[in-house]
Amino acid sequence: MTMERTFKKVRQVSGITAAIAACSVQAVELGTSSYVNVNDPTPSRIIVKYKESQGLLGDDALFLSTQKTAQASLLSRLSEETGETLSVLRKLHTGARVIEVEQPKTPTELKALVDRFKSDSQVEYAEPDVRYQAFMVPNDSRYSDQWSLFDSNTGIDMPNAWEVSTGENVVVAVLDTGYLPHVDLVNNLLSGYDFIADTNVSVDGDGRDADAIDPGDWASAGYCNSGDNGNNSTWHGIHVAGTIAAQTNNGFGVAGVAYDSKILPVRVLGRCGGWMSDFSDAVIWAAGGSVSGVPSNSTPAQVINMSLGGNGSCGRTMQDAVDTARSLGVTVVVAAGNDNVDAVNTQPANCSGVITVAATNDQGGRASYSNYGNNIDLAAPGGDRSYGVLSTLNSGQEGAVDDSYAYYQGTSMATPHVAGVAALLYAVKPDITPTEVENILVSSAKSFSATCNQCGSGILDANAALMALQNDGGSNDGSTGSDDNNNGDTVSGSQLQNGVAIANIQLTEGENSYYTIDVPANTGSLRLRTSGGQGDVDLYVKYNAEPTFRGSDCYSAYDGNDETCTITNPNAGTYHIMLYGYRASSGVSLTATY
């Protein structure tokens with residue numbers, strides 16, 4: 001079987017997903033849910049990607065002119081039909097446009113408008129630009145030690161891990177509220193970037209620029225959502241950064257998980273949160289990719305931490321950003337969320353290719369607020385009502401005042417523990433892949449010491465992860481599994497086991513290989529991944545039948561071998577997988593997880 005393609009410049013991904021929830025997200029606290037406030041002064045937004053006309057790909061000027069004409073025509077027609085004022089804010093790195101709807105919409109109204117865009121034959125996809133929020137639960141008390149690092153039962157065993165790695169020469173990007181030059185962190189800070197384009201959110205009075213300083217994110221009562229009590233500045237980003245890279249052995253303050261790593265502060269959260277469209281550009285830039293209108297990143301990250309999110313399925317915009325980061329060798333770590341619900345409906349926690357982190361309490365069980373579900377990879381200490389995670393902060397209620405320290409609780413606090421340990425792995429093996437990092441962290445996690453259903457494989461164990469890396473060098477993409485014959489050969493129709501990699505797959509150009517995976521009932525998601533090796537393979541998946549190039553439930557066709565397909569709420573039964581050698585390939589691993 002052969003496949004004809006005219007070009008392969010842009011990654012193509014298609015799959016089965018749940019309906020996108022259109023919403024703006026309010027502050028996340030214990031026991032609260034998210035909703036759209038129609039009194040919010042911030043307009044609604046839609047992200048629209050126009051199709052690429054194959055016949056015009058050779059003529060860039062004509063192609064761009066045609067796209068602009070189609071865009072203007074569609075906006076004009078929809079404005080006339082709906083009575084809405086629609087305008088283009090900017091173009092994203094993917095070629096999609098951010099469209100502003102002047103009058104704020106309810107979720108139902110916004111979905112209806114998105115559907116109007118989707119119905120146009122010239123539109124590849126359209127989705128709401130979702131408001132993201134920091135995942136933080138207000139703390140209630142203070143304690144005198146960092147139990148999350150040292151406790152033998154519920155901590156992550158940092159004392160032993162530091163004997164092996166301290167994160168030297170690794171950059172961790174913290175996509176959050178920005179940074180402050182805290183005395184216990186300033187020497188580990190790099191020059192970052194402020195990606196907040198909306199001046200209603202930015203607080204600092206301007207749009208995107210090279211100043212990632214956190215001016216505070218306080219809001220008066222009713223400003224973000226009608227009826228809320230307002231909030232003081234959270235200094236969320238500096239707290240997250242301190243957990244990762246606070247200076248250590250300096251005689252004061254707190255210790256960081258990867259205290260010899262550097263923090264790349266990328267500001268994406270401001271007053272009332274931030275927009276997904278800003279996040280997607282920020283992920284690309286942090287990973288070393290190119291973003292229009294933004295200077296190149298001279299210090300690309302190996303790890304990205306996102307302690308934030310919003311409701312709904314993972315949209316194309318964010319998924320494409322994550323996929324691009326992974327293709328650049330970057331591990332993306334995200335918080336599961338703090339609503340005590342299944343994280344399958346929380347983005348970017350439900351995006352494919354991310355490491356999703358739940359939170360445990362001081363007893364080693366699931367924190368009362370933590371989200372859970374089949375898409376959780378592992379858990380880490382996040383604290384609970386009576387115990388928090390101590391890190392760097394500022395005492396200012398609005399603008400910055402004095403350096404301080406505070407205990408916070410949340411999956412936001414759990415996530416930087418995992419990002420920090422990922423940095424330790426990169427320091428030991430700089431060419432480690434994101435898949436290897438995930439598999440090592442997941443497989444080396446220790447057992448929960450209290451009840452933690454659907455919290456992933458266990459509690460993060462920094463020392464065990466480093467030992468696993470040293471023992472096998474990260475081979476087999478960090479998996480303990482091997483191919484059926486244990487000799488590097490693959491067998492057509494090989495049966496995959498949940499979480500166990502088939503390694504060292506080899507394909508000649510134009511060759512196919514086939515696999516199956518049996519999925520039980522009531523599974524939240526099925527993820528198929530290829531990684532490693534040389535060449536270029538493509539991934540095709542279909543339920544209950546052999547996939548073809550024109551007949552599959554999901555396909556992924558990036559340049560290279562990092563391919564991912566995620567099927568949400570898969571059917572019970574057998575899924576068939578086909579790998580296609582777009583170019584001759586070797587040393588490829590295939591893993592199925594559900």
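Even glycines carry a Cβ here, placed using N, Cα and C.
For 1-27, the entry in TrEMBL reads signal peptide.
The average pLDDT the prediction assigns to the domain 'Peptidase S8/S53' (167-458) is 94. According to TrEMBL, the domain 'Peptidase S8/S53' annotation covers 167-458.
What TrEMBL records for Asp176 (among others) is active site, charge relay system. In this structure, Asp176 (active site, charge relay system) is part of a beta strand by DSSP.
Secondary structure at His236 (active site, charge relay system), as computed by DSSP, is helix. According to TrEMBL, the active site, charge relay system annotation covers His236 (among others).
Summarising the annotation, TrEMBL assigns active site, charge relay system to Ser412 (among others). In this view, Ser412 (active site, charge relay system) is surrounded by 34 other Cβ atoms within 10 Å of its Cβ, with every protein chain counted.
TrEMBL lists 471-494 with the feature region 'Disordered'.
Summarising the annotation, TrEMBL assigns domain 'Peptidase C-terminal archaeal/bacterial' to 514-581.
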Give the number of CB atoms, excluding that of Asp176 (active site, charge relay system) itself, located within 10 Å of its CB. 29
For His236 (active site, charge relay system), the number of other Cβ atoms found within 10 Å of its own Cβ: 26
Taking only the Cα atoms, work out how far Asp176 (active site, charge relay system) lies from Ser412 (active site, charge relay system), in Å, as a whole number. 10
What does DSSP assign Ser412 (active site, charge relay system), in three states? helix
